[in-house]
Amino acid sequence: MANIVFKLSDKDITTLMSRITFDTENLPQGMKARAKYQNTTVNIYQSGKVMFQGNHAEAVSKELLPQHSQLNTNKTKKKNMANSFLEQTLMYDQFNCIGSDEAGSGDYFGPLTVCAAFVTKEHVPILKTLGVDDSKKLTDTKIVELAEQLVTFIPHSLLTLHNEKYNIQQAKGWTQVKMKAVLHNEAIKNVLEKIDSSQLDYIVIDQFAKREVYNHYALSDIPLPKKTKFETKGESKSLAIAVASIISRYAFVTYMDQISKNINMTIPKGAGAKVDVIAAKIIKKYGLSHLDTISKKHFKNREKAQKILKPL
């Protein structure tokens, strides 16, 4: 299945929407309109990007957007291929892969989120055109923009371990490594249920522990051990991991924004001194018990925040 993406102006989008009938209701977040035309799906996103999906995507795009040359898209792809990130991803991107990654493990506030995503060889050109990259290099705004598009066509499983459950498991003796191993394994199994596993070449996990440690903590066997690889700095080696990273980061960022709105304070990410100050303010205004519902209790920030309040 071919995938073609264009970045259009508001005027061009209006013109496109006048040419065929689009649905504008009950759409995924981040999508403006969707249409089915000549066995091709046309998705218009709030970001201004338009995606054509289907075996006739190129022909339909030329018909509906005659003013846009596919040559420009090809030039963009060649430029993207030249950058270092895409050169590094070449090995895994020649195969159909499930990638998995997590977000929030180093942050005092917010949950632990894990995503597994299935990226095929056919997905690779569109992901490069969209600008999928290592999430650590992307702003939160860009992560939200990308994730809201990715979830509409990439088979994936997103799991969130909220703070209250996280703290319960940690009190039982679960380390972060065990939590991540369990969540990664479950997310991968969930994706395998959504796809034809005979089409899968590799499962690539962004390595947070060696294989034997992962196996020890995962509670269940790795689904396809012979196809499973562990990669350090996996986001720079596999687009499947990069996609999983973006979606898991999106879930974490969205949750953090919601916490900030709920308590009317801007909640900082990470576990630095700014976090200590905000945690102290939350204790003073809402109490320690409320702080524990939105944070990871075993982090040193909790103790530091309490010390900040002692002189007051």
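Positions of Cβ are set from backbone N, Cα and C atoms, glycine also.
From a predicted model like this one, the values you see are computed outputs, not experimental measurements.
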Which of Asp201, Asp206, Asp221, Asp257 belongs with Asp101, Glu102 in the divalent metal cation site listed by Swiss-Prot: Asp206
Mean predicted confidence [pLDDT] for the domain 'RNase H type-2' (95-311): 95
Spatial neighbours of Asp101 (divalent metal cation binding site) that are distant in sequence (at least 6 apart) but have CB under 8 A: Val114, Cys115, Ser135, Asp206, Gly234, Glu235, Ile241, Ala244, Ser245, Ser248
Same-chain residues at least 6 apart in sequence whose Cβ lies under 8 Å from Glu102 (divalent metal cation binding site): Leu112, Thr113, Val114, Cys115, Lys180, Leu183, His184, Asp206, Phe208, Ser248
Cβ-based neighbourhood (8 Å from the centroid) of the divalent metal cation site, residues Asp101, Glu102, Asp206 excluded: Ser100, Ala103, Val114, Cys115, Lys180, His184, Ile205, Phe208, Gly234, Glu235, Ile241, Ala244, Ser245, Ser248
